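Notes to accompany the following structure.
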Amino acid sequence: MKRGKKNSDAGDRLTNSDTRTGSSELNAMMKPSLSSMKTMGLLLAVLMVASVMFSLSVVLRDPPSDDVIETEAASRVLQSRLHQDGGLSEKKAQLGNINLVPSFDKESCLSRYEASLYRKESPFKQSSYLDYRLQRYEDLHRRCGPFTRSYNLTLDKLKSGDRSDGEVSGCRYVIWLNSNGDLGNRMLSLASAFLYALLTNRFLLVELGVDMADLFCEPFPNTTWFLPPEFPLNSHFNEQSLLRNSGNPMVAYRHVVRDSSDQQKLFFCEDSQVLLEETPWLILKADSFFLPSLFSVSSFKQELQMLFPEKDTAFHFLSQYLFHPTNVVWGLITRYYNAYLAKADQRIGIYIGVSESGNEQFQHLIDQILACGTRHKLLPEVDKQRNLPSSQVLNRKSKAVFISSSSPGYFKSIRDVYWENPTVMGEIISVHKPSYKDYQKTPRNMESKRAWAEIYLLSCSDALVVTGLWSSLVEVAHGLGGLKPWVLNKAENGTAHEPYCVKARSIEPCSQATLFHGCKD
């Protein structure tokens, strides 16, 4: 028992000794560990403080300037709108197995990509079939354009006058010749010619003229629509009798003008179109809006119904597809718009196609314009009994009135009405007119560019008021913008009566009636 106790005591002593020794060793080992933990804790505390300071700096830092916000917002709007349905070649859509992919250089024609920023979205929907047919036409343009192999083959046949001579290209052409220097009529006529080319699967070639390339961007990717200057018949375009009686089966000449003879009007008859099917080159001289007459050709009717389920949208969609202002003209448009029209809540266009003739008639027309505008809530009423609007009815809504007229007097009178008198509800009204010149009389160089800019600005209006005497310029404007204008009624005995104006039934150009053709069918 004593041995056992002794052993036990020894063991206890050993254990105690070991414990003390282990404790010492453990303490020795723990010292550096505690030091490391303190260091890590300090680092963690520093990181936490740094994190808090960074968060505070993010919260309390100065907000970005308004300019940055506006720039970023404008960029987002632009990117968003560029993907909207603003025209066939700007968007990327898929129709069946057909991809419509942009293939233009943006910088060469900014208006093609920026138009939706200045004009409100069209209330009309373009048919998917029109998208499809335009894409097919662009394919035709790439295959049959000037100086392509197909073009050269067809040109060789024209020179030889032999239909059976050499390889067949499969390309047919319609050459549009302008017979009217007026810009508006040129655009109406050219849109009509393009629809004819679309319906007959012909390549449209456009006579260059003195200013066409200065006014309009190329509408089709990769290939020009302008007739090459070296085209062999260029020198004979004014010799109509020579073209009619050339005896060359490869070319036909047709003259479509408002004063066409009965024989020339037969162009819109089915039999005439059948005869032209085998003719590779058709020279078409036109001076007016003949698009409505194409709806009378029986073989075109079904195709037109598919292209334009709403018949009166034809010019609207075709003009937006074809007519893109060049960068020079686009600069005129955007600078004016941004300076005078952009900040307004509403933009009202007024086209006055009547020259100033006598004080009494002049004042009657001013009164009628104002009466029309106020009756239909386009223009605000003025309070001639007060110097300032009542603070009880203060309305800060702004309206910009854009006046297009060759006579400065109308602009000055309407401007003075809103300058000299407060509006009843306190609206802010600004009245603008870009120029006093008559563009119609000098359709070239800068005057044509300004005329095109003015047409475009009118098309950007939210509402449009026009005099009863129509102009091709305003017809293009409301057709391009998809607007049904308010048309002033003709005054009786120089005095206007109710109704002062009526809203047009269509957005299409309508002052030029469909050509009566007298076809047997």
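Just so it is clear, glycine is given a Cβ too, placed from its N, Cα and C backbone atoms.
Sequence annotations record features per position, and here Swiss-Prot assigns topological domain 'Cytoplasmic' to 1-39.
Positions annotated as compositional bias 'Basic and acidic residues' by Swiss-Prot: 1-12.
Annotated region 'Disordered' per Swiss-Prot: 1-29, in sequence order.
According to Swiss-Prot, the feature compositional bias 'Polar residues' maps to 14-26.
For 40-60, the entry in Swiss-Prot reads transmembrane segment.
Under the heading topological domain 'Lumenal', Swiss-Prot lists 61-521.
A helical conformation is recorded for Asn152 (N-linked glycosylation site) in the three-state DSSP classification. Of all Cβ atoms in the protein chains displayed, 11 besides its own lie within 10 Å of the Cβ of Asn152 (N-linked glycosylation site). Per Swiss-Prot, the feature N-linked glycosylation site maps to Asn152 (among others).
Residues or ranges marked as N-linked glycosylation site by Swiss-Prot on the basis of sequence analysis: Asn222 (among others). In this structure, Asn222 (N-linked glycosylation site) belongs to neither helix nor strand by DSSP; it is coil. If you draw a 10 Å sphere around the CB of Asn222 (N-linked glycosylation site), it holds 11 other CB atoms from the protein chains shown.
Annotation source Swiss-Prot lists N-linked glycosylation site at Asn493 (among others).
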Residue pair Asn222 (N-linked glycosylation site), Asn152 (N-linked glycosylation site) - Cα distance, angstrom, rounded: 17
